[in-house]
Amino acid sequence: MDIIKYNVDVNQLYKIRNRLSKYQKSVDEFKSLIYRNIDSIPVIDTTAHDHQDQTHRNAFDICKLKQFDIQQLKNDPEQFLALLFAVVNSCDFSVAAKIVIHFQLFGGSILELGTQQHHQKYFNDINSMKIVGGFAMTEMGHGSNVRQIETTAHYDLKSKEFIINSPTLASTKFWIGNIARYGTHVVLFCKLIFNQEDKGVHGIVVPIRDLETMKVFPGIELGGCGPKLGWNGIDNAWIRFKNYRVPRENLLNKFANISENGEYHTTISSPGKLFQQTISQLVFGRMLYVCGPIFSINYCLNTAIRYAFSRRQFGEKGKKEELIINYPSHYRVLMPMLGTLIAFEFGRDSIIEKLIHSKKYEQDVEETHAVVSGVKALINEYNMTYLNKLRAFCGGNGISSYNLFGYFRSELDIFQTAEGDGSVLYQQLSKFLLSEYKKWYKKEGVTGYIIKEVQTFLSTNPIYTHSRSMPYILSNEFHHHAFLYRFEKYRAIVIEKLSQSKSKGMSFMQGWNDSLLNVIELAKAYTHLFILEQSHLALKKVSDTNSRTLLNDLVKLYALSNIESDFSFYRNWNFISAGKAFAISDAVRDLCVAIKPYSLQILDSSKIDEHRFNIPLAHTDGDYLKHMAERVGIPISKL
Ligand SMILES: Cc1cc2nc3c(=O)[nH]c(=O)nc-3n(C[C@H](O)[C@H](O)[C@H](O)COP(=O)(O)OP(=O)(O)OC[C@H]3O[C@@H](n4cnc5c(N)ncnc54)[C@H](O)[C@@H]3O)c2cc1C
């Protein structure tokens, strides 16, 4: 491959990479308000209690700036996200998490599951944080499978109240954020029992503390969940109820209601569907779990690459030591990560668009929910793997808390399992993909299936398998084909395994679990395909040719390095020959070499506020010695 020269316009790149740049003015104003009023940088060395106090104080002060409004979640969710990221950028993740739990999970449940009367009653107090809310779904006995929660709310026809009980130890609500010390209300998810009949999971607004005294109401017991690996700024709690009463009006009754004269009514056909409908309203809350890890990858890559461009170790005798970025063991890992970051950003932007569209027009809700699940799972998995590698790439300095690897690790580790662990979310996506395929098969029938199989056969003939032409290997068409092939192959494998287990007389559940590893691979393959397709679509819309060329090569690097890391799959299924595999690795190497000299400019286009975060290894002047010395107090002037 010839040496490529790119023309990089950092501002253009920034605009393309930052979908929310249309809010730049209000975000900048908000950030400067935060800088003036709130003294907060990532918390790296305080006790959990101090951290919780500071997080609460900062979140409260931020609400006083009156930028967040619960209605934004409906009217302009992107603005909400832009402001939230201003908080992440200028305070820390715990403050953002507190705001998300309060506004998006607690407030969002009232917004989406409640009706006018609830909106009128609570919105002003939520906006000002006069009341502080939590989202009480998980129980000690059930976290992944929350449909089986055991907390009950018996409706008492006489008093027109719900009587809430936690009948077993397993039914104790656990991990509930914002309420161990500060919370005044929760949206409680529990089984509604009406006339002795279990109507399934419903949401009820439950006051838990007296607003004046902050004492927990009688009938409620609660306490903290103890020290955690991360998120110590959030006061997570266990909470349980004994004959605790709340009025009928507290039921969030958009989808199911109990009338004044004591009749239960829902338009949704079964408790299962009601549960799905309830949960799907809350999917926007997952955006933090998609945007957060991308933010972390961006920051940590920035730190590791800048350090690698400044740090010299070993070299030829009599010469300057070598920059560590020039070791292939470094740049061959860092550049594909940069490419993957760019592709993930395109994927994230398209997810935001999909969410907003499906919410506004109530269309494709199921599909959007499924795709968000896959993207959330995949990006968090990558974030944790990358963090590990990037911290090691900074040597001992990677351990220093000032360089924030530990901060990102401890604040974002929880994202892997929050609102569902990856393997559970991947299964949700695969179920959706298989049901879509079933619909397709019903429509196209055996003929359609055969045509598809023939197409696949023709496109993976021996000539194709052995072709090592570099232009083809570098083409977006090849990358798309490889990703599509992997997805369709896993889908075929899962279908075959499921039908085999059916013919052996196994139950669906047994068959499904028997195929679980492939089911998860199917969802991963689809998610990668989705990210690649969305990147290609986004690239088509980039009008600046120079930026498009560079970004396109970064996406190629994502695609090819992904194929390279999955050679075992592609070789096992004869999709590529050994020679072609070598050629792919050569292409990855050449792209890395080409992009490396421009990587600092690409990082500049992230526009990270280096002074606010003051990460010693990540300053643009590259003087990590001076910045580390300053942070730990080595006197420089006395030299
Ligand atoms: C710091 C923190 C804050 C939280 N805040 C809140 C909050 O505010 N409100 C709230 O309601 N909840 C909250 N949670 C709970 C969180 O949402 C749950 O932890 C999460 O949903 C996972 O449930 P679990 O912990 O019970 O995991 P488990 O259900 O015990 O799962 C454990 C493992 O089993 C695997 N597994 C489970 N089922 C399957 C399956 N079918 N196939 C394959 N693997 C499977 C999972 O993938 C996972 O790896 C919080 C948790 C933490 C740690």
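Every residue gets a Cβ built from N, Cα and C, even glycine.
Remember, predicted model here, so these are calculated numbers, not experimental data.
Taken straight from TrEMBL:
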type: DOMAIN; residues: 134-243; note: domain 'Acyl-CoA oxidase/dehydrogenase middle'
type: BINDING; residues: T138, G177; note: FAD binding site
type: DOMAIN; residues: 281-434; note: domain 'Acyl-CoA oxidase C-alpha1'
type: ACT_SITE; residues: E419; note: active site, proton acceptor
type: DOMAIN; residues: 485-632; note: domain 'Acyl-CoA oxidase C-terminal'
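TrEMBL feature annotations superimposed on the structure.
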residue	record	Cβ within 10 Å
T138	FAD binding site	20
G177	FAD binding site	25
E419	active site, proton acceptor	22
Q: Could you pull the average pLDDT for the domain 'Acyl-CoA oxidase C-alpha1' (281-434)?
A: 94
Q. Any idea what DSSP makes of E419 (active site, proton acceptor), helix, strand or coil?
A. coil
**Q.** Distance, E419 (active site, proton acceptor) to T138 (FAD binding site) (CA atoms, angstrom)
**A.** 9
Q | Pairwise CA distance, E419 (active site, proton acceptor) versus G177 (FAD binding site), rounded so that it is a whole Å | A | 13
Q | Tally of DSSP helical, extended and coil residues in the domain 'Acyl-CoA oxidase C-terminal' (485-632) | A | 121 helix, 0 strand, 27 coil
Q: Could you put numbers on the helix, strand and coil content of the domain 'Acyl-CoA oxidase/dehydrogenase middle' (134-243), residue by residue per DSSP?
A: 3 helix, 51 strand, 56 coil
